[in-house]
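Trainee: Dropping a structure here in structure tokens format, bear with me for questions.
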Amino acid sequence: MTYKITSLAGDGIGPEIMTSGLQVLEAVAKKYNHTFEIESHPFGGAGIDVAQDPIPSSTLKACQDADAILLGAIGGPKWDNAPKRPEDGLLALRKALGLFANIRPIQVPSSITHLSPLKKEIVENTDFVVVRELTGGLYFGEPKHWDESAAVDSLTYTRAEIERIIEKAFEIAATRNKKVTSVDKANVLASSKLWRKIAEEVASRHPDITLEHLYIDAAAMLMIQRPTTFDVIVTENLFGDILSDEASVITGSLGMLPSASHAENGPSLYEPIHGSAPDIANQNIANPMSMISSVSMMLRQSFSLFKEADAIDAAATRTMQAGFLTADLGGNTTTTDFTNEVLKQIEGGE
């Protein structure tokens with residue numbers, strides 16, 4: 001079968017780690033006899049440079065026509081004063097594709113537990129997923145206004161928006177440890193009261209999955225105190241933005257973690273959680289793990305190529321266990337050498 005993928009390398013370290021990700025994809029294609037048609041297009045600052053737009057029309061069309069999209073990283077000081085910033089392109093892409101669910105898996109490999117800011121006995125065996133709603137809440141609610149004397153943001157959610165994101169969380173939990181933690185502020189916010197009610201309704205349709213509710217402040221504390229207690233966390237846009245970034249710090253490096261954004265229909269977007277890191281761009285020292293893991297996540301969630309995704313994950317784990325660690329993990333392995341070892345492990349693995 002042929003899979004059509006749009007590659008958006010972006011800015012900063014994006015092109016370097018995208019090269020790593022695509023090399024891994026090519027290795028999988030060769031080993032398991034798949035065909036991946038890859039189209040590369042400018043996006044973010046690179047889009048501004050060539051078309052004065054962070055998401056040129058040709059890039060958007062390629063994304064809409066793809067089976068899945070890989071994104072490296074966007075942004076940098078070069079475009080801080082541009083009429084349209086690189087980040088505007090990502091918001092536009094999410095809207096155009098109808099991406100409503102951001103999925104961020106949080107795992108701490110045993111080879112790097114010492115890098116976590118948490119004690120080893122707290123962080124060991126951490127394995128949970130944050131499911132964040134992307135289309136509603138304070139970021140998009142109207143009215144939205146500010147001037148020198150006052151400002152207003154609106155936290156708005158519809159039943160349909162809440163129900164589909166909570167259903168997505170239960171769908172994911174069904175493939176894991178069958179527990180969903182719904183995070184809200186139902187003791188204060190009207191939107192959270194509706195959120196909690198709908199969560200209970202969805203849970204009633206999934207009797208084999210446990211639902212618990214936590215207020216956002218309690219969830220933020222528990223994530224640090226006992227991260228292993230979580231399986232799938234689901235929450236609204238602002239809370240999800242904060243919690244997913246808090247969760248990412250548990251691993252000790254942003255260079256480790258992938259994410260996925262899903263629509264109800266159409267292609268999904270896979271990307272590392274970190275930024276473009278312009279300070280280390282073009283030095284061959286960026287950690288490509290988050291991009292490699294994004295490729296694995298794409299194979300698993302968009303194409304149901306589970307064996308192939310497992311092969312990538314196992315190869316990356318063996319690479320780190322063998323001592324191939326980039327600078328952010330306390331080592332001195334280059335981007336190229338890390339990638340080459342992963343490729344070697346894929347080729348020689350089961």
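Using N, Cα and C of the backbone, Cβ positions are placed for all residues, glycine too.
Marked as NAD(+) binding site by Swiss-Prot: 76-87, 275-287. According to Swiss-Prot, the feature substrate binding site maps to Arg94, Arg104, Arg132, Asp217, an assignment based on sequence analysis. Marked as site 'Important for catalysis' by Swiss-Prot on the basis of sequence analysis: Tyr139, Lys185. Taken from Swiss-Prot, the feature Mg(2+) binding site applies to Asp217, Asp241, Asp245.
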Trainee: How big is the Cα-to-Cα gap, in Å, between Asp245 (Mg(2+) binding site) and Arg132 (substrate binding site)?
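Mentor: Between the alpha carbons of Asp245 (Mg(2+) binding site) and Arg132 (substrate binding site) there are 11 Å.
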Trainee: Tell me whether Gln283 (NAD(+) binding site) sits in a helix, a strand or coil according to DSSP.
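Mentor: In three-state terms, Gln283 (NAD(+) binding site) counts as coil.
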Trainee: Just going by other Cβ atoms within 10 Å, which of the binding-site residues Asp217, Asp241, Asp245 has the emptiest spot?
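Mentor: Lowest Cβ count within 10 Å among the binding-site residues (Asp217, Asp241, Asp245) is Asp217.
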Trainee: From the binding-site residues Gly76, Arg132, Gly275, Gln283, pick the residue whose C-alpha lies nearest to the C-alpha of Asp241 (Mg(2+) binding site).
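Mentor: Closest recorded candidate to Asp241 (Mg(2+) binding site) by Cα: Arg132.
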Trainee: DSSP secondary structure for Arg104 (substrate binding site), reduced to helix/strand/coil, please.
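Mentor: Strand, per DSSP.
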Trainee: Can you tell which of the recorded positions Arg104, Arg132, Tyr139, Lys185 lies nearest to Lys84 (NAD(+) binding site) in space, using Cα positions?
Mentor: Tyr139
Trainee: Find, for the listed recorded positions Lys84, Arg132, Lys185, the residue with the lowest Cβ contact count at a 10 Å cut-off, counting only other Cβ atoms.
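Mentor: Least crowded of the recorded positions Lys84, Arg132, Lys185, by Cβ count within 10 Å, is Lys84.
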Trainee: Cα-Cα, whole number of Å: Gln283 (NAD(+) binding site) versus Arg104 (substrate binding site)?
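Mentor: Given the Cα positions, Gln283 (NAD(+) binding site) is 27 Å from Arg104 (substrate binding site).
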Trainee: What three-state class does DSSP give Arg132 (substrate binding site)?
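Mentor: Looking at the DSSP assignment, Arg132 (substrate binding site) belongs to a strand.
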Trainee: Quick one: Cα separation, Asp217 (substrate binding site) versus Gly275 (NAD(+) binding site), in Å?
Mentor: 26
